[in-house]
Structure formats: structure tokens, C-alpha cells
Amino acid sequence: MSGHRSGDATLVDVLRLGLTGGIGAGKSTVSHELVALGAVLVDADTIAREVVAPGTEGLAELAAAFGEDILLPDGSLNRPALAAKAFASDEARAVLNAITHPRVGARTAELVAAAPADAVVVQDIPLLVEGGMAPAFHLVAVVHTDADERLRRLVELRAMPEDDARARIAAQATDEQRRAAADIWLDNNGERDALAAAVRTLWAERLVPFEANLRGRIPVQPAPVLVDPNPDWHRQAQRLIGRLALAAGGHALRIDHIGSTAVPGLAAVDVLDLQITVPDLAAAEALDDALAGAGFPRIAHVDHDEPQPSYGAGGETDPAVWGMRLHGSADPGRPAYVHLRVQGWPGQQFALLLRDWLRADSDAATEYAEIKRAAARDAAARHDPAQATAVYAEEKAPWFDGAYTRARQWAEQTGWSA
Ligand SMILES: CC(C)(COP(=O)(O)OP(=O)(O)OC[C@H]1O[C@@H](n2cnc3c(N)ncnc32)[C@H](O)[C@@H]1O)[C@@H](O)C(=O)NCCC(=O)NCCS
Ligand SMILES: Nc1ncnc2c1ncn2[C@@H]1O[C@H](COP(=O)(O)OP(=O)(O)OP(=O)(O)O)[C@@H](O)[C@H]1O
């Protein structure tokens, strides 16, 4: 999914939103609304029908595996007959999935590749979480309706046999698994209109600007406003790490959640910091297109191959070992910085050390929070976000000089290693 298409480095992937939810949760309702707003829909259930249409190899394989009695007299698939067999056991379902899923995957790739370059592609995939597909999307939206209400809707509105509905719910992911994968949580326990309104907001405030940023390779520049610690930051970071790992492939030696949002209880600007450790700077450069395609374009103007002035006082001043590359999230709904640093170089080590030291030393964390509060107050006086960010960074810098030395002393005392 990542990187450019057809060998043209100026083309990044189209924005792809993975839409999922349990059976009867309201995925179709959401996808219809998104299509009305201008999205291009690629629907897995529809493709799953196409790949087993009369005369297909897929249908022949199903009949060979499940018996000719899953066919109607006209040779087409008897869907309730197959459902009765397939949802009766995990083994039978695995056979069904092994026949259908690779075909659905191949056809999906063709349809996504055919979408216009400025499309917002919505992929409605009931089994997205079950299939571990979340990292392959720029965003994952989960439609959620409580299981009891889903059963009621399926039985009353869709005339589905209750046993069948229960068997499918049991064969799918849990709410908790879906929650962990969800960048966007759309609650559909209430009225349809409420869901539609949430979808319109999502479209206008997140999908449309994200698409433009992705295509233009424009990272979002959030204002340095300090917020209370958010217990969900860790889970949000894990989702981004999953995407980065997929995009970076073998170039990433490790990917870590660093910075203030990685220190539980510490107030922070609501921007996640992530560090990709690479073997050398050439590997960082080689990731440029793949990261941009995954929604993390390079922030060119802060590139440096010199020591960070704020870290210089700590000792290492050799420009040759301070190089790094910075990328930023193009998603206005989830600002993030992605730092690419070389394994074993002081900057790479310090990012991990600072985080671990602040996690371990609550006095240091409190002191740092005070420094940040004052810096954020001064930054708030600047209206230009770039200036505000610069003021914020400059005011924190002197504290980092001391922190560098203190954290290293702590590392020596405790035998810390990354
Ligand atoms: C078994 C079949 C013939 C039953 O057809 P039916 O018309 O009753 O259901 P339909 O295809 O419209 O699916 C409705 C819903 O059932 C659930 N469901 C379907 N297949 C599966 C599965 N293999 N595992 C878990 N849930 C499933 C999904 O929530 C889906 O949205 C059909 O579901 C099928 O071919 N399934 C295999 C393909 C598949 O996994 N599709 C889901 C997304 S790729
Ligand atoms: N907020 C709502 N209130 C009442 N009924 C609703 C609401 N949202 C959806 N429905 C109805 O509930 C049923 C399931 O919704 P929908 O078809 O959108 O779910 P789905 O997730 O696409 O289902 P499937 O998993 O079968 O593809 C439909 O009959 C739909 O009309």
C-alpha cells in the first residue's frame, strides 16, 4: 500500500479509510452517507459475491469443498445453505475464508488502484480487524452498536434467523479488539440521523483535509497547546507504530513511542512522537516516499545533520552522529512527529533515555511539566503556529541541556540500556 505508484515518485497512495464493525452495526448506513459526500466505495461483501458468481473458479472450489448441495438448481450459490454449513464450526469457516478471502483481496487491489488520484476511498470490510488489516489503512473507522441492538435490528428489520445472527456475531472480533483498532469510533446505538451527522463532520473536518495533505505531502502543524495527559495516547501510538512498521518494512530496526505523550501522567502538547530507528541515514532517506504514502510526509525545513543546540552542552558535539530526519502526520485528527534516527547514535539513545528517566523520576517529570507550562503560555501569545512552535521549543531548550546530563547519570546508576 505504501509508496508511489507506477514508478512516479510524485504520486502517493490515495487516502484509504477502512470501515468496519460487527454484523448489523451500521457499516452500510455509514458507507452510503460517505458515498453521498463524494467517497469512492470498495465493498468487500459485494466483491465476495462477485468472486463466487456463477461460472467462477471460486464457486467451483466452494462446491468441491462443501458439496453440490450448496448450489441452487440454476447453478448459482445457495447462500443460506452455505451459511448454515460455514458458520457451524471454526474449521468450516476457515475453509470458506481460504477460498474467498484471497480472491476478495486481489479484486479489492484492482478497484483501489483504479480510483482517481484525489479520491477518498472507503473500504467496507466486515472482517478488517479479524484479518489484522488495520495497519494497511490511513485510518480505520469502527461503527459500533451494542450486540443486543444489532440482533434486534438483524432479526426485525432484516428478517435474519436469530441463530444465524448469533453464530456470525460469535465468529467475529470482540468490541474490545475493534476499539483497539479504531482511529474513529462511530456510535450507532441511537438514531440514524445522529450517525449521519457524525459522518458528515468526519468527512469535512478530517477526511477531506487529510486527503489534500496526503496528496500535497503536507504535514499538519499543530499549535503548542498543553493538555492534560490522555490515557489513550499509548493505544493511539501503537496504531501509528503498526502503520509505520508496515510502511518502513525491513528499514526499521525498531519503532518506539517517545516524548511526553509516552510518559504516563505528564501534561503534553497533543502530538505523538514516534522514533524509527534505522541502520544509517541512507535508510532514512530511502523511506521518504513510503512514509509520505502512509500519511507521514517529510518536514523538510527541520532536517539537520548537526547537533541539536539544546543537546550540545551534554557532550556529544560531533555533527556526524546527530543527523536525523523528521516526518509529520498529514492527518489533522491525529498530529504526530516521526523521528528517524540512527541506531546507537546519541540522539536515538537520548530519545529513549529521556522517556525512561521521566517515567522513573516523578520529580523530574513535574519539573519538566512546569517548564512546558511556562513555554506554552509564551507560545500562546504568537498567532503564527510556526512561530509559536519555535518559541515553545526555544524556551524548553535550556532545561534539556541539564536533563541530558542528569538522565545520563541516572542511566549509569541504574544500568539503563535502550
Ligand atoms: C457464507 C455466505 C455465502 C453467506 O451469505 P449471506 O448473503 O448470508 O451474507 P453476506 O455475504 O451478505 O454477509 C453478511 C455478513 O455476514 C458476516 N460474514 C460473512 N462471511 C463471514 C465470515 N467468513 N466470517 C465471519 N463473518 C462473516 C459479515 O458481517 C457480513 O457483512 C457469505 O457470507 C460468504 O460468502 N462469506 C465468505 C466471504 C466473506 O468472508 N465475506 C465477508 C467479508 S470479506
Ligand atoms: N441507527 C439506526 N437505528 C435503527 N436501525 C438502524 C440504524 N442504523 C442501521 N439500522 C438498520 O439496521 C440494519 C443493519 O444496518 P446496516 O445494514 O447498515 O449494517 P451493516 O453493518 O452494513 O450490516 P452487515 O454486517 O450485514 O453488512 C439495517 O436494517 C439498517 O437499516
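Here the Cβ of each residue, glycine as well, is placed from N, Cα and C on the backbone.
Just so you know, TrEMBL annotations never went through curation; they're auto-generated.
The following features are taken from TrEMBL:
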- GLY24, ALA25, GLY26, LYS27, SER28, THR29: ATP binding site (BINDING)
LYS27 (ATP binding site): tally of other CB atoms within 10 A of its CB: 26
Three-class DSSP secondary structure - GLY26 (ATP binding site): coil
All-chain count of other Cβ atoms within 10 Å of THR29 (ATP binding site): 17
Cβ neighbours within the same chain of GLY26 (ATP binding site) - under 8 Å, at least six residues apart: VAL143, THR145, LEU186, ASN188, LEU195
Cβ packing number for SER28 (ATP binding site), 10 Å threshold: 16
Cβ neighbour count within 10 Å of GLY24 (ATP binding site): 24
